[in-house]
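Taken verbatim from Swiss-Prot:
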type     : residues                          : note
ACT_SITE : 12                                : active site, proton acceptor
ACT_SITE : 119                               : active site, proton donor
BINDING  : 7, 10, 41, 42, 43, 44, 45, 66, 85 : substrate binding site
DISULFID : 26-84                             : disulfide bond
DISULFID : 40-95                             : disulfide bond
DISULFID : 58-110                            : disulfide bond
DISULFID : 65-72                             : disulfide bond
CARBOHYD : 34                                : N-linked glycosylation site
REGION   : 1-24                              : region 'Disordered'
């Protein structure tokens, strides 16, 4: 079974590119990372930074998560991210996404030992 940390990496990490390569980025990535296999995941964010830099956020600014839990952390610096949002015309199994590139602070929930990101909460 996929661990929470591994799932975070599959769903949110793309260190191989510094930003979204094209407007088709989300359509390709959401499919290749298995987020359209049983339904279209409505919203997802990819982070274009090194895994080490994203894992380091777990020791940065402690903030409250959207759900009220206290194990969320906000990055000190902005990071290159790509937001993928399902379009109005998207219909499973032909999931369609709008690709939006941004530089924002990320907020992740961290758990475990080692203490690593397991959930992408928000970007600000």
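Each residue, glycine too, has its Cβ placed from N, Cα and C.
Projection of Swiss-Prot feature records onto the structure.
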residue	record	contacts (Cβ under 8 Å, 6+ apart)
26	disulfide bond	20, 44, 82, 84, 85, 97, 98, 99
41	substrate binding site	30, 35, 86, 95
43	substrate binding site	83, 84, 85, 86
45	substrate binding site	12, 81, 82, 83, 84, 106, 120, 123
65	disulfide bond	71, 72, 107, 109, 119, 121
110	disulfide bond	57, 58, 71, 72, 73, 116, 117, 118
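For the region 'Disordered' (1-24), the number of residues in each DSSP class (helix H, G, I; strand E, B; coil) is 9 helix, 1 strand, 14 coil. Counting only residues at least six positions away in the same chain, the Cβ atoms of 10 sit under 8 Å from the Cβ of residue 34 (N-linked glycosylation site). Note on the region 'Disordered' (1-24): residues 33-35, 44-51, 54, 80, 82, 99, 101, 108, 111-112, 116-120 of its chain, located 6 or more positions outside it, place their CB under 8 angstroms from a CB of the stretch. Look at residue 58 (disulfide bond): DSSP puts it in a helix. A coil conformation is recorded for residue 41 (substrate binding site) in the three-state DSSP classification, outside any helix or strand.
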